[in-house]
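Going by TrEMBL, these are the annotated features:
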- 217-251: repeat 'PPR' (REPEAT)
- 252-286: repeat 'PPR' (REPEAT)
- 287-321: repeat 'PPR' (REPEAT)
- 322-356: repeat 'PPR' (REPEAT)
- 389-423: repeat 'PPR' (REPEAT)
- 494-528: repeat 'PPR' (REPEAT)
- 529-563: repeat 'PPR' (REPEAT)
Amino acid sequence: MKTPSFASIDYNLSSPIGCAIINKLQTFCTATHSQQIHYSFRTTILTPQLVQSTLHNCPSDLIALSFFFWCARQPDYFHDRAAFNHMADVVNRLLQLLPTVNRIINQLEGIGCVTKPQTFLLLLRIFWHGGMYNMAFEAFEGMISYGYTPNTYARNIFMDVLFKVGRSDVALQMLKETEDLNFLTFSIAICNLCKLNDLINIRDVLRKMLRKGYYLNAGNCSMVMNCFCKVGRLAEALQLLALMICQGNTISVTVWSILIDGFCKSGELVMAGYLLEKMVEFGCSPNLVTCTSLIKGFLESKMPDNALRILSTMESKGCPADLVLCNVLIDCLSKTGRYDDALDVFFSFPKRELVPDSYTLCSVMSAVCKSRQFDLLPILIDGIAIQTDLVVCNYLLSYFCRAGHPAGAVELYNDMIDRGFEPDGYSYAGLLSGLCGTGRIGDALNVYRAIVSNQYCLDPHIHTIILDGLIRSGKFLGAIRLFREAVAEKYPLDVFSYTVAIHGLIRGGRIGEACSLYSQMKDVGVTPNAYTYKIMLSGFCREKDINMVRQILQEMTDAGIKLDYKAFYQVKNLLLKSRRSCSALYLFVEMCNSELVLDKAMGALLLKGLALRVNVSGNLGGNREVDTSGSDEISDVAASVG
């Protein structure tokens, strides 16, 4: 590859100075001695703008690279980021013709560019800047093969490349072997280790850094603090804070905010409040980010009054809530059941001059659905320019299904497809719910078959929705067959999927199969939830199987799950109608002593029913199993349960 004749190229440069640079570039590219190059250009004052213009107008990429190297050798001149950005594109094009570093070096030597250590260093920087890490390896190895010893700066760049390609072990070894360590060396290591959440090596590097007499700057301190707080190592985060204070460093509001946020997320609000006091004591005023963390922490700890007090104090001092904080308020207030307060925050948007985003709309829809005030949503979003994305569409699908308008969900899904949205698991769930809700079970089954056969989404929720739809429509056998297919195909199934299938078996009169599936669920490691126990308890109460009722109640006791009112009344009716008085009484005592009964009123109601039954017939159901099952025994039971 030879450089074309300069005489045959029309440069058409934009300035006379640029023309002068290119004219001298001819001499530069044909010169053989560095002394000639120096005298040829020493009268030109280089500026980043002039160099950038010349690089853009160079007749070839190879000449641009050689000119870039020459500029870097000039006294008191340093290339800026824009120049490296441009050269990354230049070198990338060169690599398509000259795929190795050695071939690029040979071509540069062919046009008179002398190879020096700086040549490899600049190539290394270009590759590093452009993300061409494989070529960075070649440049570093080429430097060594030419007999040059990489300096600390070159080793720092190569160490960062090693971290970025996932060779942190080799990078740390290079850190140990580097003799002239500087602040950049430690900074690169700490930044990369924080991204990896490698706390052990972060501590080791920090110790070595302090022994060398270097201290963390504000940026590095924020990264390390954030890393400690993110993984819950709050004690070490406090140690780092103490170290920074002892060194006399000014602690930024960012560092204080990260630390306070860490304690808020862990639920240690007392410590978070103490840090806030210390923050003010050290002369650092909390900002909106700090207050947002505290408000969110109090709301998630179910202390909304404290959170609203902080909000009021913050706004009284001239720090109004922004969109992020308002979104947090709507979301957290909704989760704590304060739906009216959440909606009040949304209604305050015009006064605050805030425009809701997609996260706001999703939070508002969640509040509306949880409060079951479905008719409010059209009023709330009336006149708002909604920036629809996939998340908003999925929330709207859920809203239509829960509001009792499944046809709207199906229509919205079709509109989403027409608009070019690519559906995800939530979208398919909304479509299936809509189809089942409108009674289109056949269409729902076709969609489900297409989803699983093409493996669009194997989320357990998809299986649960179609099973529930089949059961609600009375197709118990179809639901059971579908569930067995899902088990055979090893589709992911969760506790909800199993519970819905058990419900279908019980409603279909197959209590034995329901028991088998219940045991199978536990064998595969799926833990029953409160709804599972409720379904099983309901089935056994219907079958009047007191022994199995006792077993389920014992499992509920072990799991720490209490009876709700409906399940309680089912058990109460079973006991009152049972002819096995002794079993009924012992079961009642077990329920009360294990605190399965939700409150004393429920226990008293059951006790009253049992006492009435005994007084009327002398035993439960007229079949005397034990002679002592009279009113005195009931009194003893009452005494035993307080």
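Any Cβ shown, glycine's included, is placed from N, Cα and C.
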For the repeat 'PPR' (252-286), mean pLDDT (0 to 100): 90
Per DSSP, what is the residue tally for the repeat 'PPR' (287-321) in helix, strand and coil? 26 helix, 0 strand, 9 coil
Composition by DSSP (helix, strand, coil) of residues within the repeat 'PPR' (494-528): 26 helix, 0 strand, 9 coil
Checked against DSSP, the composition of the repeat 'PPR' (252-286) is 26 helix, 0 strand, 9 coil
